[in-house]
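The structure appears right after this line, and notes come after that.
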Amino acid sequence: MTTQVPPSALLPLNPEQLARLQAATTDLTPTQLAWVSGYFWGVLNQQPAALAATPAPAAEMPGITIISASQTGNARRVAEALRDDLLAAKLNVKLVNAGDYKFKQIASEKLLIVVTSTQGEGEPPEEAVALHKFLFSKKAPKLENTAFAVFSLGDSSYEFFCQSGKDFDSKLAELGGERLLDRVDADVEYQAAASEWRARVVDALKSRAPVAAPSQSVATGAVNEIHTSPYSKDAPLVASLSVNQKITGRNSEKDVRHIEIDLGDSGMRYQPGDALGVWYQNDPALVKELVELLWLKGDEPVTVEGKTLPLNEALQWHFELTVNTANIVENYATLTRSETLLPLVGDKAKLQHYAATTPIVDMVRFSPAQLDAEALINLLRPLTPRLYSIASSQAEVENEVHVTVGVVRYDVEGRARAGGASSFLADRVEEEGEVRVFIEHNDNFRLPANPETPVIMIGPGTGIAPFRAFMQQRAADEAPGKNWLFFGNPHFTEDFLYQVEWQRYVKDGVLTRIDLAWSRDQKEKVYVQDKLREQGAELWRWINDGAHIYVCGDANRMAKDVEQALLEVIAEFGGMDTEAADEFLSELRVERRYQRDVY
């Protein structure tokens, strides 16, 4: 694989400093490197003694608090950019993760900014669930002295677009808060809206918040920035796909791939619990089909981010073709005056259903029209990377990263269709072929700091991925804590992902217990939540012993069913009523003993 040299313009070190750093760390293990990273982070964030000794009186410096509630990293990036803007304006600002925010202090906030995404069916990001629940409970305080603003990120292809932001905005107002600005709901292409909103927030706050003296400017609460790398979503690493192995059986209804990617000597680091971002290319055959349906040639010039490209290239590399949205359907109907689609306009439910069941290319096939190239480009959304839970630990695989990919395949009236990123990895990248990747760090899905702490892992289907990483790490660390896995899929013989590895972990004593749910191997369907109830007494003993609970997989059904089963176990074996059980689980979440990576 070609050596990846980090772009020098992106590095804060000069070549001599970089060489000294590499020489000093060349013989460190991954665990030692992680410790060093944390050590320097701590050094960086220790306030100078002189500042600590002479803090400004609180009355003179009503600070601004930014709460970042992020699921995939976009909300965090917006919050960090706003923090930097406010510091540049010499305003006193604190940035915190929603999961780290002591929400009972919200009554004392004078200036509060919330940047949030939405997941599942309108739920807040995992790290903001406890805060959201608190604000909507009877315990929520009045906020008459709080001025606030909310920036909400979402995806208009989903029914509950930006619902989390709408919730926070309406509840903060209901509790007596004063809106600094109207809420902004941003779609997938959020950057321009975020930039404009940040400028408006700075202007609004400059007129209300006292300017901090240079010696008092506080850059506290930098969110998830202990991870420094020249590679990012906007500057991905060009890595190499080394393994593409189908790990479901020949007769399985699912096509699940184990993908290994060689990071070479890039120095890219990750931890168990992180996600891998993958930039993909659309299938050239799909591009050709769409272009021909619109009576275009593919060589028409179009403008993409200020650059002129041939239409075929723009569609393959820059635009989303495999996910339709209600907005696209509505705009296409209006643009083409389609007799089939125009009756849907104005009916949100029908538009959502049509978009969910009809890919863009089939919408054009069923309602043909002739568009010019620029009109087509303006209709589509920008291509965005897909995130996959990482299925490996660098303590074992070193300069590789593994992911578990469920390939999306389906038919539309006899025509085969596939997911953009999953089919790219499974079908279109040759071994040793290039893949553009980056790490999306997730500090809200981490193994316990204490290696003696028991771990309960619940991950049906491809939700098993991060727990493979967890076990590799626990084995490498020789962690004495007990480990319990709940896994489920349709059939034992066809769908037992990584079966040999789990059996080895059981044999070696690394995996203390494993409970399996095969939903189609018997007349009565059995799911992981049924296994949780079945093992309720033992599960409660583990929880009482301080176990951390992890859930990974489908957010819309599985995660809710699993949470309901956990609540029932806590109520029954903990001797609690429903309300007390809910409060108990919320406390586990606040203590980082109940963590979820759901999508």
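Even glycines carry a Cβ here, placed using N, Cα and C.
Taken verbatim from Swiss-Prot:
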DOMAIN    64-202  domain 'Flavodoxin-like'
BINDING   70-75, 117-120, 153-162  FMN binding site
DOMAIN    234-448  domain 'FAD-binding FR-type'
BINDING   THR322, ALA356, 386-389, 404-406, TYR410, 419-422, TYR599  FAD binding site
BINDING   SER519, ARG520, LYS525, VAL526, TYR527, VAL528, GLN529, ASP561  NADP(+) binding site
*asked:* As a test of reading the model: what is the averaged pLDDT for the domain 'FAD-binding FR-type' (234-448)?
replied: 97
*For THR404 (FAD binding site), what residues in its own chain, 6 or more apart in sequence, show a Cβ-Cβ distance under 8 Å?*
ILE247, VAL256, ARG257, HIS258, ILE259, TYR388, SER389, ALA391, THR462, ILE464, ALA465, ARG468, LEU497
*Counting other CB atoms within 10 A of each CB, which of the binding-site residues TYR158, TYR388 comes out lowest?*
TYR158
*Have a look at the binding-site residues (ASP155, ASP561) and report the one with the fewest Cβ neighbours inside 10 Å.*
ASP561
_Secondary-structure category, per DSSP, in which ASP561 (NADP(+) binding site) falls_ = helix
*Can you tell which of the binding-site residues SER117, GLY120, ASP155, SER519 lies nearest to ALA421 (FAD binding site) in space, using Cα positions?*
ASP155
_Pairwise Cα distance for ASP155 (FMN binding site)/TYR599 (FAD binding site) [Å, integer]_ = 13
*Select one residue from SER70, THR322: among these binding-site residues, choose the one with the most other Cβ atoms within 10 Å of its Cβ.*
SER70
*Would you kindly give the Cα-Cα distance separating TYR599 (FAD binding site) and SER117 (FMN binding site), rounded to the nearest Å?*
13
*Among the binding-site residues VAL526, VAL528, whose Cβ has the fewest other Cβ atoms within 10 Å?*
VAL526
*Taking only the binding-site residues SER70, GLY120, THR322, which one has a CA atom nearest to the CA atom of ASP561 (NADP(+) binding site)?*
GLY120
*Take the Cβ of ARG520 (NADP(+) binding site) and count every other Cβ within 10 Å, whichever protein chain it belongs to.*
14
_Summary of DSSP states over the domain 'Flavodoxin-like' (64-202), given as helix, strand and coil counts_ = 55 helix, 32 strand, 52 coil
*Based on Cα distances to GLN529 (NADP(+) binding site), point out the closest of the binding-site residues GLY120, TYR158, ARG386, GLY406, GLY419.*
GLY120
